[in-house]
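The domain 'Citrate transporter-like' annotation in TrEMBL covers 1-100. Residues annotated as transmembrane segment in TrEMBL: 19-42, 68-86.
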């Protein structure tokens, strides 16, 4: 994504945490407007009772491989942790992301 490309180009000056802090004001300012717009566009779909409840969805789409879910959750957590530790470790975030993908392919 463009965020990773920009982050890699400015990695000497802007780490992952600073990048998030700089994006936060824009996200916080625009989010209410986006939510209002989406509510306006989909207001008819949001009225009335829900078509499916959680137990029905769990029956229709069960988690068939809990081991894979746990592996993916652990790898995702480690990758995000490494993103935050970039100022300490100085490991390129793109390398961390690819390493996480390879880890899942091997595991």
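Our numbering is plain: 1 for the first residue shown, then up by one each step along the chain.
Cβ atoms are placed via backbone N, Cα and C, with glycine included.
Automated prediction, rather than curation, is the source of TrEMBL annotations.
The DSSP breakdown of the domain 'Citrate transporter-like' (1-100) into helical (H, G, I), extended (E, B) and coil residues amounts to 76 helix, 0 strand, 24 coil. When averaged over the domain 'Citrate transporter-like' (1-100), pLDDT in the model lands at 88.
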